[in-house]
Amino acid sequence: MAAPEPARAAPPPPPPPPPPLGADRVVKAVPFPPTHRLTSEEVFDMDGIPRVDVLKNHLVKEGRVDEEIALRIINEGAAILRREKTMIEVEAPITVCGDIHGQFFDLMKLFEVGGSPANTRYLFLGDYVDRGYFSIECVLYLWVLKILYPSTLFLLRGNHECRHLTEYFTFKQECKIKYSERVYEACMEAFDSLPLAALLNQQFLCVHGGLSPEIHTLDDIRRLDRFKEPPAFGPMCDLLWSDPSEDFGNEKSQEHFSHNTVRGCSYFYNYPAVCEFLQNNNLLSIIRAHEAQDAGYRMYRKSQTTGFPSLITIFSAPNYLDVYNNKAAVLKYENNVMNIRQFNCSPHPYWLPNFMDVFTWSLPFVGEKVTEMLVNVLSICSDDELMTEGEDQFDVGSAAARKEIIRNKIRAIGKMARVFSVLREESESVLTLKGLTPTGMLPSGVLAGGRQTLQSATVEAIEAEKAIRGFSPPHRICSFEEAKGLDRINERMPPRKDAVQQDGFNSLNTAHTTENHGTGNHSAQ
(Lines of atoms letter the chains of each structure in order from A and count residues from 1; the text may use other names and numbers.)
(Lines give C-alpha, C1' and ligand atoms only; values in the text may rest on other atoms or scores of the structure.)
Protein backbone atom coordinates (compact mmCIF):
# COMPACT_ATOMS: atom_id res chain seq x y z
CA MET A 1 0.00 0.00 0.00
CA ALA A 2 1.51 3.30 -1.12
CA ALA A 3 2.21 5.93 1.44
CA PRO A 4 -0.06 8.97 1.18
CA GLU A 5 1.48 11.95 -0.56
CA PRO A 6 2.25 14.84 1.74
CA ALA A 7 -0.07 17.81 1.38
CA ARG A 8 1.38 20.41 -0.92
CA ALA A 9 1.65 23.94 0.35
CA ALA A 10 -0.63 26.35 -1.42
CA PRO A 11 1.23 28.69 -3.81
CA PRO A 12 1.81 32.16 -2.43
CA PRO A 13 -0.79 34.68 -3.47
CA PRO A 14 0.23 37.02 -6.29
CA PRO A 15 1.55 40.39 -5.18
CA PRO A 16 -1.09 43.08 -5.00
CA PRO A 17 -1.23 45.38 -8.00
CA PRO A 18 0.52 48.71 -7.58
CA PRO A 19 -1.76 51.46 -6.35
CA PRO A 20 -3.09 53.76 -9.05
CA LEU A 21 -1.11 56.89 -9.77
CA GLY A 22 -1.82 59.46 -7.10
CA ALA A 23 -3.46 57.02 -4.66
CA ASP A 24 -0.93 57.96 -2.00
CA ARG A 25 -1.89 61.63 -2.16
CA VAL A 26 -3.00 63.29 1.05
CA VAL A 27 -6.06 64.80 -0.65
CA LYS A 28 -7.54 61.82 -2.49
CA ALA A 29 -10.09 63.93 -4.35
CA VAL A 30 -7.36 65.81 -6.23
CA PRO A 31 -6.23 63.70 -9.21
CA PHE A 32 -2.56 63.32 -10.02
CA PRO A 33 -1.49 65.43 -13.04
CA PRO A 34 -1.09 63.28 -16.16
CA THR A 35 2.51 62.44 -16.98
CA HIS A 36 1.75 61.82 -20.64
CA ARG A 37 2.40 64.76 -22.97
CA LEU A 38 -0.04 65.13 -25.84
CA THR A 39 1.40 64.28 -29.24
CA SER A 40 0.69 65.74 -32.66
CA GLU A 41 -1.78 62.96 -33.48
CA GLU A 42 -3.74 63.74 -30.31
CA VAL A 43 -3.80 67.53 -30.65
CA PHE A 44 -4.35 67.83 -34.43
CA ASP A 45 -6.70 65.89 -36.67
CA MET A 46 -5.87 64.54 -40.14
CA ASP A 47 -6.46 67.99 -41.66
CA GLY A 48 -4.18 69.74 -39.16
CA ILE A 49 -7.10 71.31 -37.27
CA PRO A 50 -6.55 71.51 -33.48
CA ARG A 51 -8.79 69.39 -31.27
CA VAL A 52 -9.54 72.16 -28.80
CA ASP A 53 -11.61 70.01 -26.42
CA VAL A 54 -8.81 67.43 -26.12
CA LEU A 55 -6.31 70.19 -25.34
CA LYS A 56 -8.65 71.89 -22.88
CA ASN A 57 -9.39 68.71 -20.90
CA HIS A 58 -5.67 67.90 -20.74
CA LEU A 59 -4.64 71.38 -19.59
CA VAL A 60 -7.37 71.47 -16.94
CA LYS A 61 -5.78 68.34 -15.44
CA GLU A 62 -2.40 70.16 -15.41
CA GLY A 63 -1.22 68.10 -18.37
CA ARG A 64 1.31 69.31 -20.90
CA VAL A 65 1.96 68.85 -24.60
CA ASP A 66 5.10 67.88 -26.49
CA GLU A 67 7.42 70.83 -26.87
CA GLU A 68 7.20 70.67 -30.66
CA ILE A 69 3.40 70.81 -30.43
CA ALA A 70 3.58 73.86 -28.17
CA LEU A 71 5.90 75.55 -30.67
CA ARG A 72 3.59 74.65 -33.55
CA ILE A 73 0.55 76.14 -31.79
CA ILE A 74 2.41 79.34 -30.88
CA ASN A 75 3.92 79.81 -34.33
CA GLU A 76 0.71 79.08 -36.24
CA GLY A 77 -1.16 81.55 -34.06
CA ALA A 78 1.58 84.15 -34.54
CA ALA A 79 1.35 83.78 -38.32
CA ILE A 80 -2.35 84.69 -38.16
CA LEU A 81 -1.67 87.64 -35.85
CA ARG A 82 1.03 89.01 -38.17
CA ARG A 83 -1.49 89.29 -40.98
CA GLU A 84 -3.81 91.48 -38.91
CA LYS A 85 -3.67 95.25 -38.87
CA THR A 86 -2.17 97.24 -36.02
CA MET A 87 -5.68 98.50 -35.30
CA ILE A 88 -8.18 95.81 -36.17
CA GLU A 89 -11.85 96.51 -36.86
CA VAL A 90 -14.44 94.27 -35.22
CA GLU A 91 -18.22 94.23 -35.26
CA ALA A 92 -20.93 93.55 -32.70
CA PRO A 93 -22.21 91.31 -31.21
CA ILE A 94 -19.02 90.77 -29.26
CA THR A 95 -17.76 89.97 -25.75
CA VAL A 96 -14.87 92.14 -24.52
CA CYS A 97 -12.53 90.72 -21.87
CA GLY A 98 -9.84 92.33 -19.72
CA ASP A 99 -6.70 91.05 -17.98
CA ILE A 100 -6.28 87.27 -17.48
CA HIS A 101 -2.80 87.15 -15.87
CA GLY A 102 -2.19 83.43 -16.02
CA GLN A 103 -5.43 82.49 -14.22
CA PHE A 104 -6.26 79.62 -16.58
CA PHE A 105 -9.01 78.07 -14.47
CA ASP A 106 -10.75 81.44 -14.26
CA LEU A 107 -10.38 81.73 -18.04
CA MET A 108 -12.40 78.50 -18.31
CA LYS A 109 -15.07 80.14 -16.15
CA LEU A 110 -14.97 83.22 -18.38
CA PHE A 111 -15.94 81.13 -21.40
CA GLU A 112 -18.77 79.55 -19.41
CA VAL A 113 -20.11 83.02 -18.60
CA GLY A 114 -19.40 84.63 -21.96
CA GLY A 115 -20.37 81.76 -24.22
CA SER A 116 -18.58 79.18 -26.32
CA PRO A 117 -15.96 80.65 -28.70
CA ALA A 118 -17.48 78.44 -31.39
CA ASN A 119 -20.52 80.74 -31.61
CA THR A 120 -19.47 83.87 -29.69
CA ARG A 121 -17.25 86.68 -30.95
CA TYR A 122 -14.51 87.63 -28.45
CA LEU A 123 -12.07 90.51 -28.04
CA PHE A 124 -9.33 90.22 -25.40
CA LEU A 125 -7.52 93.38 -24.31
CA GLY A 126 -4.17 91.82 -23.32
CA ASP A 127 -2.22 90.76 -20.22
CA TYR A 128 -2.61 87.01 -20.68
CA VAL A 129 0.57 86.16 -18.74
CA ASP A 130 2.54 86.90 -15.52
CA ARG A 131 1.58 86.93 -11.83
CA GLY A 132 -0.59 83.77 -12.13
CA TYR A 133 0.99 80.31 -12.38
CA PHE A 134 -0.84 79.01 -15.46
CA SER A 135 0.22 81.57 -18.05
CA ILE A 136 1.53 79.14 -20.68
CA GLU A 137 -1.76 77.22 -20.49
CA CYS A 138 -3.61 80.49 -21.19
CA VAL A 139 -1.38 81.21 -24.19
CA LEU A 140 -1.70 77.72 -25.67
CA TYR A 141 -5.48 77.64 -25.27
CA LEU A 142 -6.09 81.16 -26.60
CA TRP A 143 -3.72 80.60 -29.52
CA VAL A 144 -5.54 77.37 -30.45
CA LEU A 145 -8.82 79.30 -30.38
CA LYS A 146 -7.23 81.94 -32.62
CA ILE A 147 -6.21 79.21 -35.08
CA LEU A 148 -9.74 77.76 -35.05
CA TYR A 149 -11.66 81.05 -35.13
CA PRO A 150 -9.36 83.66 -36.73
CA SER A 151 -12.22 85.94 -37.77
CA THR A 152 -14.26 85.84 -34.54
CA LEU A 153 -11.68 85.73 -31.72
CA PHE A 154 -9.32 88.69 -31.43
CA LEU A 155 -6.31 89.24 -29.19
CA LEU A 156 -4.70 92.60 -28.39
CA ARG A 157 -1.36 93.25 -26.75
CA GLY A 158 -1.06 94.18 -23.08
CA ASN A 159 1.89 95.72 -21.29
CA HIS A 160 2.89 92.28 -19.92
CA GLU A 161 3.26 90.76 -23.40
CA CYS A 162 6.91 91.75 -23.65
CA ARG A 163 10.38 90.47 -22.76
CA HIS A 164 11.04 93.08 -20.10
CA LEU A 165 8.11 92.23 -17.83
CA THR A 166 8.00 88.47 -18.43
CA GLU A 167 11.66 88.21 -17.40
CA TYR A 168 11.04 90.29 -14.29
CA PHE A 169 7.84 88.55 -13.22
CA THR A 170 6.95 84.85 -13.62
CA PHE A 171 6.27 83.93 -17.25
CA LYS A 172 9.84 83.22 -18.38
CA GLN A 173 10.51 81.08 -15.33
CA GLU A 174 7.23 79.22 -15.89
CA CYS A 175 8.10 78.45 -19.52
CA LYS A 176 11.53 77.13 -18.55
CA ILE A 177 10.09 74.92 -15.81
CA LYS A 178 7.14 73.52 -17.79
CA TYR A 179 8.73 73.51 -21.26
CA SER A 180 11.92 75.28 -22.33
CA GLU A 181 13.41 78.63 -23.24
CA ARG A 182 12.61 77.87 -26.91
CA VAL A 183 8.91 78.00 -26.04
CA TYR A 184 9.44 81.29 -24.19
CA GLU A 185 11.25 82.85 -27.16
CA ALA A 186 8.49 81.68 -29.51
CA CYS A 187 5.94 83.37 -27.24
CA MET A 188 7.92 86.61 -27.35
CA GLU A 189 7.95 86.54 -31.16
CA ALA A 190 4.20 85.92 -31.12
CA PHE A 191 3.61 88.76 -28.65
CA ASP A 192 5.43 91.15 -31.02
CA SER A 193 2.72 90.37 -33.59
CA LEU A 194 -0.29 91.19 -31.42
CA PRO A 195 -2.38 94.17 -32.61
CA LEU A 196 -2.36 97.24 -30.36
CA ALA A 197 -5.96 98.43 -30.64
CA ALA A 198 -9.40 97.58 -32.00
CA LEU A 199 -12.17 99.75 -33.40
CA LEU A 200 -15.45 98.19 -32.27
CA ASN A 201 -18.51 98.85 -34.41
CA GLN A 202 -16.97 102.18 -35.52
CA GLN A 203 -18.04 103.42 -32.06
CA PHE A 204 -15.50 102.32 -29.45
CA LEU A 205 -11.72 102.38 -29.28
CA CYS A 206 -10.55 99.26 -27.45
CA VAL A 207 -7.00 99.25 -26.08
CA HIS A 208 -5.13 97.85 -23.10
CA GLY A 209 -3.99 101.06 -21.38
CA GLY A 210 -5.30 104.24 -22.93
CA LEU A 211 -4.45 107.47 -24.72
CA SER A 212 -1.18 109.18 -25.60
CA PRO A 213 -0.34 112.86 -26.13
CA GLU A 214 1.20 111.78 -29.43
CA ILE A 215 -1.96 110.08 -30.71
CA HIS A 216 -4.65 112.45 -31.96
CA THR A 217 -6.45 110.35 -34.58
CA LEU A 218 -7.08 106.69 -35.26
CA ASP A 219 -4.68 106.92 -38.20
CA ASP A 220 -1.90 107.71 -35.72
CA ILE A 221 -2.48 104.24 -34.25
CA ARG A 222 -2.66 102.61 -37.66
CA ARG A 223 0.77 104.01 -38.56
CA LEU A 224 2.57 102.59 -35.52
CA ASP A 225 5.25 99.95 -36.05
CA ARG A 226 4.13 97.29 -33.58
CA PHE A 227 6.48 94.44 -34.51
CA LYS A 228 9.01 95.01 -31.73
CA GLU A 229 9.59 95.10 -27.99
CA PRO A 230 7.55 98.01 -26.60
CA PRO A 231 9.79 101.02 -25.85
CA ALA A 232 10.00 102.73 -22.46
CA PHE A 233 8.24 105.84 -23.81
CA GLY A 234 6.36 107.02 -26.87
CA PRO A 235 2.91 106.33 -28.33
CA MET A 236 3.22 102.52 -28.35
CA CYS A 237 4.22 102.56 -24.69
CA ASP A 238 1.30 104.86 -23.86
CA LEU A 239 -1.29 102.62 -25.52
CA LEU A 240 -0.13 99.78 -23.25
CA TRP A 241 0.73 101.65 -20.03
CA SER A 242 -1.30 104.86 -19.57
CA ASP A 243 -4.12 105.21 -17.03
CA PRO A 244 -7.00 107.60 -16.34
CA SER A 245 -6.11 110.19 -13.72
CA GLU A 246 -7.04 109.33 -10.15
CA ASP A 247 -9.46 112.28 -10.05
CA PHE A 248 -10.89 111.51 -13.52
CA GLY A 249 -13.95 113.67 -14.11
CA ASN A 250 -13.19 115.98 -11.19
CA GLU A 251 -9.83 117.38 -12.26
CA LYS A 252 -8.42 120.55 -10.85
CA SER A 253 -5.56 120.71 -13.34
CA GLN A 254 -6.11 121.84 -16.93
CA GLU A 255 -3.30 119.63 -18.27
CA HIS A 256 -4.69 116.82 -20.41
CA PHE A 257 -1.70 114.58 -19.68
CA SER A 258 0.51 114.30 -16.59
CA HIS A 259 3.32 111.99 -15.54
CA ASN A 260 2.05 108.58 -14.41
CA THR A 261 3.56 108.32 -10.94
CA VAL A 262 1.98 104.91 -10.31
CA ARG A 263 3.56 103.20 -13.33
CA GLY A 264 6.80 105.17 -13.39
CA CYS A 265 6.31 105.62 -17.14
CA SER A 266 3.75 106.97 -19.61
CA TYR A 267 0.92 109.30 -18.55
CA PHE A 268 -2.29 109.90 -16.69
CA TYR A 269 -4.97 111.22 -19.07
CA ASN A 270 -7.94 113.20 -17.78
CA TYR A 271 -11.60 113.56 -18.66
CA PRO A 272 -11.18 116.54 -21.05
CA ALA A 273 -8.44 114.64 -22.93
CA VAL A 274 -10.76 111.65 -23.44
CA CYS A 275 -13.74 113.81 -24.47
CA GLU A 276 -11.61 115.72 -26.97
CA PHE A 277 -10.28 112.49 -28.50
CA LEU A 278 -13.78 111.01 -28.74
CA GLN A 279 -15.18 114.13 -30.38
CA ASN A 280 -12.30 114.45 -32.86
CA ASN A 281 -12.67 110.81 -33.91
CA ASN A 282 -16.47 110.58 -33.75
CA LEU A 283 -16.44 107.85 -31.09
CA LEU A 284 -18.73 106.98 -28.18
CA SER A 285 -16.25 105.68 -25.63
CA ILE A 286 -12.88 104.09 -24.88
CA ILE A 287 -12.88 100.53 -23.52
CA ARG A 288 -9.68 99.47 -21.77
CA ALA A 289 -8.27 97.06 -19.15
CA HIS A 290 -4.95 97.36 -17.25
CA GLU A 291 -6.34 98.11 -13.76
CA ALA A 292 -7.90 95.72 -11.25
CA GLN A 293 -11.45 96.63 -10.29
CA ASP A 294 -13.33 95.46 -7.21
CA ALA A 295 -16.51 94.79 -9.20
CA GLY A 296 -14.60 93.66 -12.30
CA TYR A 297 -15.45 96.84 -14.20
CA ARG A 298 -15.81 100.59 -13.84
CA MET A 299 -17.88 103.12 -15.78
CA TYR A 300 -16.38 106.62 -15.70
CA ARG A 301 -18.02 110.02 -16.08
CA LYS A 302 -20.38 110.32 -19.03
CA SER A 303 -19.56 112.41 -22.07
CA GLN A 304 -21.57 115.62 -22.11
CA THR A 305 -22.20 115.32 -25.85
CA THR A 306 -23.33 111.67 -26.01
CA GLY A 307 -24.49 110.85 -22.47
CA PHE A 308 -22.47 107.63 -22.68
CA PRO A 309 -19.61 106.74 -20.27
CA SER A 310 -16.51 108.35 -21.74
CA LEU A 311 -14.30 105.54 -20.44
CA ILE A 312 -14.89 101.93 -19.37
CA THR A 313 -12.39 99.67 -17.58
CA ILE A 314 -12.90 95.90 -17.68
CA PHE A 315 -10.90 93.38 -15.61
CA SER A 316 -11.36 89.62 -16.03
CA ALA A 317 -9.08 88.06 -13.37
CA PRO A 318 -11.21 87.29 -10.26
CA ASN A 319 -9.54 87.24 -6.84
CA TYR A 320 -6.42 88.61 -8.50
CA LEU A 321 -3.21 87.11 -7.07
CA ASP A 322 -5.42 85.12 -4.68
CA VAL A 323 -5.53 88.15 -2.36
CA TYR A 324 -7.63 90.88 -4.03
CA ASN A 325 -10.98 89.13 -3.48
CA ASN A 326 -12.38 91.04 -6.46
CA LYS A 327 -15.00 89.96 -8.94
CA ALA A 328 -14.21 89.65 -12.63
CA ALA A 329 -16.35 90.82 -15.52
CA VAL A 330 -16.81 90.66 -19.26
CA LEU A 331 -18.62 93.21 -21.40
CA LYS A 332 -21.19 91.96 -23.91
CA TYR A 333 -22.23 94.41 -26.62
CA GLU A 334 -25.15 93.52 -28.88
CA ASN A 335 -27.87 95.52 -30.65
CA ASN A 336 -26.47 98.77 -29.23
CA VAL A 337 -27.01 97.40 -25.71
CA MET A 338 -24.09 96.91 -23.34
CA ASN A 339 -24.32 94.30 -20.58
CA ILE A 340 -21.77 93.50 -17.89
CA ARG A 341 -21.53 89.90 -16.69
CA GLN A 342 -19.62 89.32 -13.46
CA PHE A 343 -18.16 86.07 -12.14
CA ASN A 344 -16.19 84.85 -9.15
CA CYS A 345 -12.95 82.89 -8.94
CA SER A 346 -12.70 79.13 -9.50
CA PRO A 347 -10.62 76.64 -7.51
CA HIS A 348 -7.19 76.01 -8.96
CA PRO A 349 -4.19 73.75 -8.21
CA TYR A 350 -1.64 75.11 -5.79
CA TRP A 351 1.93 76.01 -6.73
CA LEU A 352 4.57 77.00 -4.23
CA PRO A 353 5.63 80.65 -4.77
CA ASN A 354 7.88 81.25 -7.77
CA PHE A 355 7.52 77.58 -8.81
CA MET A 356 9.60 76.40 -5.85
CA ASP A 357 10.11 72.62 -5.67
CA VAL A 358 9.46 70.56 -2.55
CA PHE A 359 13.16 70.04 -1.83
CA THR A 360 13.83 73.77 -1.73
CA TRP A 361 10.70 74.23 0.34
CA SER A 362 11.84 71.61 2.89
CA LEU A 363 15.36 73.03 3.24
CA PRO A 364 14.50 75.12 6.35
CA PHE A 365 13.27 72.00 8.15
CA VAL A 366 16.46 70.08 7.36
CA GLY A 367 18.67 73.09 8.00
CA GLU A 368 17.20 73.70 11.44
CA LYS A 369 18.02 70.16 12.57
CA VAL A 370 21.56 70.23 11.12
CA THR A 371 22.45 73.55 12.73
CA GLU A 372 20.86 72.42 15.99
CA MET A 373 23.21 69.43 16.00
CA LEU A 374 26.22 71.63 15.24
CA VAL A 375 25.36 73.99 18.09
CA ASN A 376 25.03 71.05 20.47
CA VAL A 377 28.39 69.59 19.36
CA LEU A 378 30.22 72.88 19.76
CA SER A 379 28.56 73.59 23.08
CA ILE A 380 30.05 70.45 24.70
CA CYS A 381 33.36 72.15 25.52
CA SER A 382 33.17 74.29 28.65
CA ASP A 383 35.15 77.48 29.23
CA ASP A 384 37.45 75.61 31.71
CA GLU A 385 38.24 72.94 29.09
CA LEU A 386 39.08 75.59 26.52
CA MET A 387 41.40 77.40 28.95
CA THR A 388 43.06 74.16 30.13
CA GLU A 389 43.80 73.03 26.59
CA GLY A 390 45.07 76.47 25.79
CA GLU A 391 47.52 76.51 28.75
CA ASP A 392 49.26 73.36 27.46
CA GLN A 393 49.97 74.80 24.03
CA PHE A 394 49.67 78.57 24.09
CA ASP A 395 50.24 81.49 26.32
CA VAL A 396 47.32 83.12 28.07
CA GLY A 397 46.78 85.69 25.31
CA SER A 398 46.63 83.06 22.58
CA ALA A 399 44.26 80.92 24.62
CA ALA A 400 41.91 83.85 25.12
CA ALA A 401 41.99 84.64 21.40
CA ARG A 402 41.31 81.01 20.50
CA LYS A 403 38.47 80.90 22.99
CA GLU A 404 36.93 84.02 21.44
CA ILE A 405 37.23 82.55 17.93
CA ILE A 406 35.37 79.41 18.97
CA ARG A 407 32.74 81.49 20.74
CA ASN A 408 32.24 83.55 17.56
CA LYS A 409 31.79 80.35 15.56
CA ILE A 410 29.22 79.09 18.03
CA ARG A 411 27.39 82.43 17.86
CA ALA A 412 27.45 82.35 14.03
CA ILE A 413 26.01 78.85 13.92
CA GLY A 414 23.47 79.85 16.55
CA LYS A 415 22.41 82.75 14.35
CA MET A 416 22.08 80.40 11.39
CA ALA A 417 20.01 78.05 13.55
CA ARG A 418 17.72 80.95 14.42
CA VAL A 419 17.27 81.78 10.72
CA PHE A 420 16.30 78.19 9.90
CA SER A 421 14.02 78.08 12.93
CA VAL A 422 12.23 81.22 11.72
CA LEU A 423 11.97 79.74 8.23
CA ARG A 424 10.42 76.58 9.60
CA GLU A 425 8.07 78.10 12.16
CA GLU A 426 6.97 80.96 9.90
CA SER A 427 7.20 79.07 6.61
CA GLU A 428 3.68 80.04 5.54
CA SER A 429 4.33 83.72 6.22
CA VAL A 430 7.68 83.59 4.42
CA LEU A 431 6.18 81.87 1.37
CA THR A 432 3.32 84.35 1.25
CA LEU A 433 5.68 87.31 1.42
CA LYS A 434 8.05 85.83 -1.19
CA GLY A 435 5.15 84.96 -3.46
CA LEU A 436 3.95 88.56 -3.46
CA THR A 437 7.34 89.99 -4.44
CA PRO A 438 8.20 90.01 -8.15
CA THR A 439 11.83 89.08 -7.44
CA GLY A 440 10.92 86.27 -5.05
CA MET A 441 13.38 87.71 -2.50
CA LEU A 442 12.74 88.74 1.09
CA PRO A 443 13.83 92.16 2.35
CA SER A 444 17.37 92.17 3.69
CA GLY A 445 17.69 91.30 7.38
CA VAL A 446 14.15 90.02 7.85
CA LEU A 447 15.13 86.43 8.67
CA ALA A 448 18.23 87.30 10.70
CA GLY A 449 16.11 89.55 12.88
CA GLY A 450 13.95 86.66 14.00
CA ARG A 451 10.22 86.14 14.13
CA GLN A 452 9.41 89.62 15.39
CA THR A 453 11.28 91.27 12.51
CA LEU A 454 9.53 89.04 10.00
CA GLN A 455 6.12 89.85 11.42
CA SER A 456 6.75 93.58 11.41
CA ALA A 457 8.66 93.92 8.13
CA THR A 458 8.85 97.67 7.60
CA VAL A 459 7.54 99.61 4.67
CA GLU A 460 11.02 100.91 3.89
CA ALA A 461 12.71 97.49 3.90
CA ILE A 462 10.04 95.95 1.72
CA GLU A 463 10.02 98.85 -0.74
CA ALA A 464 13.79 98.55 -1.05
CA GLU A 465 13.35 94.97 -2.22
CA LYS A 466 10.37 95.78 -4.48
CA ALA A 467 8.03 93.72 -2.32
CA ILE A 468 4.43 94.54 -1.57
CA ARG A 469 4.53 97.74 0.41
CA GLY A 470 3.72 97.45 4.09
CA PHE A 471 2.83 93.76 3.93
CA SER A 472 2.97 91.99 7.28
CA PRO A 473 2.49 88.19 6.94
CA PRO A 474 0.30 87.63 10.02
CA HIS A 475 -1.98 90.46 8.88
CA ARG A 476 -4.87 89.22 6.76
CA ILE A 477 -5.74 91.45 3.81
CA CYS A 478 -9.36 92.36 4.37
CA SER A 479 -10.36 94.56 1.44
CA PHE A 480 -9.78 95.15 -2.24
CA GLU A 481 -8.45 98.66 -1.65
CA GLU A 482 -5.94 97.38 0.90
CA ALA A 483 -4.66 94.69 -1.48
CA LYS A 484 -4.42 97.19 -4.33
CA GLY A 485 -2.49 99.61 -2.14
CA LEU A 486 -0.05 96.95 -1.00
CA ASP A 487 0.48 95.75 -4.58
CA ARG A 488 1.00 99.27 -5.92
CA ILE A 489 4.79 98.92 -6.11
CA ASN A 490 4.41 95.95 -8.49
CA GLU A 491 2.39 98.05 -10.93
CA ARG A 492 5.44 100.10 -11.85
CA MET A 493 7.57 99.44 -14.89
CA PRO A 494 10.52 97.38 -13.56
CA PRO A 495 14.08 98.70 -13.89
CA ARG A 496 15.80 97.71 -17.12
CA LYS A 497 18.92 95.56 -16.95
CA ASP A 498 20.46 96.61 -20.25
CA ALA A 499 20.17 100.37 -19.88
CA VAL A 500 19.64 103.15 -17.40
CA GLN A 501 15.97 103.16 -16.51
CA GLN A 502 14.11 105.89 -18.31
CA ASP A 503 11.81 107.82 -16.07
CA GLY A 504 9.27 107.35 -18.80
CA PHE A 505 8.18 110.95 -18.69
CA ASN A 506 8.84 113.26 -21.59
CA SER A 507 7.56 116.77 -21.31
CA LEU A 508 4.84 117.55 -23.80
CA ASN A 509 7.23 119.90 -25.57
CA THR A 510 9.73 117.07 -26.04
CA ALA A 511 6.97 114.74 -27.15
CA HIS A 512 5.82 117.13 -29.83
CA THR A 513 9.34 117.63 -31.15
CA THR A 514 9.71 113.87 -31.65
CA GLU A 515 6.48 113.16 -33.45
CA ASN A 516 7.98 110.39 -35.56
CA HIS A 517 9.19 108.35 -32.59
CA GLY A 518 7.75 104.84 -32.69
CA THR A 519 5.94 105.30 -35.99
CA GLY A 520 6.62 104.12 -39.48
CA ASN A 521 4.83 103.64 -42.77
CA HIS A 522 6.21 100.14 -43.29
CA SER A 523 4.04 98.52 -40.62
CA ALA A 524 0.84 96.57 -41.16
CA GLN A 525 -2.14 98.87 -41.34
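Backbone N, Cα and C define each Cβ position, glycine as well.
Since we're looking at a predicted model, the values are computed, not measured.
Some features that Swiss-Prot has for this protein:
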- ASP99, HIS101, ASP127: Fe cation binding site (BINDING)
- ASP127, ASN159, HIS208, HIS290: Zn(2+) binding site (BINDING)
- SER479: phosphoserine (MOD_RES)
- 1-23: region 'Disordered' (REGION)
- 65-356: region 'Catalytic' (REGION)
- 357-379: region 'Calcineurin B binding' (REGION)
- 402-416: region 'Calmodulin-binding' (REGION)
- 417-424: region 'Autoinhibitory segment' (REGION)
- 475-497: region 'Autoinhibitory domain' (REGION)
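Sequence features annotated in Swiss-Prot and their locations in the structure.
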| residue | record | Cβ within 10 Å |
| --- | --- | --- |
| ASP99 | Fe cation binding site | 29 |
| HIS101 | Fe cation binding site | 27 |
| ASP127 | Fe cation binding site | 26 |
| ASN159 | Zn(2+) binding site | 26 |
| HIS208 | Zn(2+) binding site | 26 |
| HIS290 | Zn(2+) binding site | 26 |
| SER479 | phosphoserine | 11 |
Original post:
So which of 65-356, 357-379, 402-416 has the most C-beta pairs under 8 Å when paired with the region 'Autoinhibitory domain' (475-497)?
Top reply: 65-356
Subject >> Subset of recorded positions (HIS208, HIS290, SER479) lying within 10 A of ASP99 (Fe cation binding site), CA to CA, in sequence order >> reply: HIS208, HIS290
Original post:
What Cα-Cα separation, expressed in whole Å, is found between ASP127 (Fe cation binding site) and HIS290 (Zn(2+) binding site)?
Top reply: 8
Original post:
Which chain neighbours of the Zn(2+) site, leaving out ASP127, ASN159, HIS208, HIS290, have a Cβ atom within 8 Å of the mean position of the site's Cβ atoms?
Top reply: ASP99, LEU125, GLY126, GLY158, HIS160, GLY209, LEU240, TRP241, ALA289
**OP:** Between the residue listed as 'phosphoserine' and ASN159 (Zn(2+) binding site), find the distance joining the two CA atoms and give it rounded to the nearest Å.
**Re:** 26
Subject >> Secondary-structure category, per DSSP, in which ASP127 (Fe cation binding site) falls >> reply: coil
Subject >> Overall pLDDT of the region 'Autoinhibitory domain' (475-497), taken as the mean >> reply: 81
Original post:
Apart from ASP99, HIS101, ASP127, which residues in this chain have a Cβ no more than 8 Å from the mean position of the Cβ atoms of those residues at the Fe cation site?
Top reply: GLY98, ILE100, GLY102, GLY126, TYR128, VAL129, ASP130, ARG131, GLY158, HIS160, ALA289, PHE315, SER316, ALA317
Subject >> Secondary structure tally of the region 'Calcineurin B binding' (357-379) (DSSP, helix then strand then coil) >> reply: 21 helix, 0 strand, 2 coil
**OP:** Helix, strand, coil: count each for the residues of the region 'Calmodulin-binding' (402-416), based on DSSP.
**Re:** 15 helix, 0 strand, 0 coil
Original post:
DSSP helix, strand and coil counts for the region 'Autoinhibitory domain' (475-497)?
Top reply: 12 helix, 0 strand, 11 coil
Original post:
What does DSSP call ASP99 (Fe cation binding site) in the simple three-state scheme?
Top reply: strand
**OP:** Using C-alpha atoms only, work out the spacing between ASN159 (Zn(2+) binding site) and HIS101 (Fe cation binding site) and round it to an integer in Å.
**Re:** 11
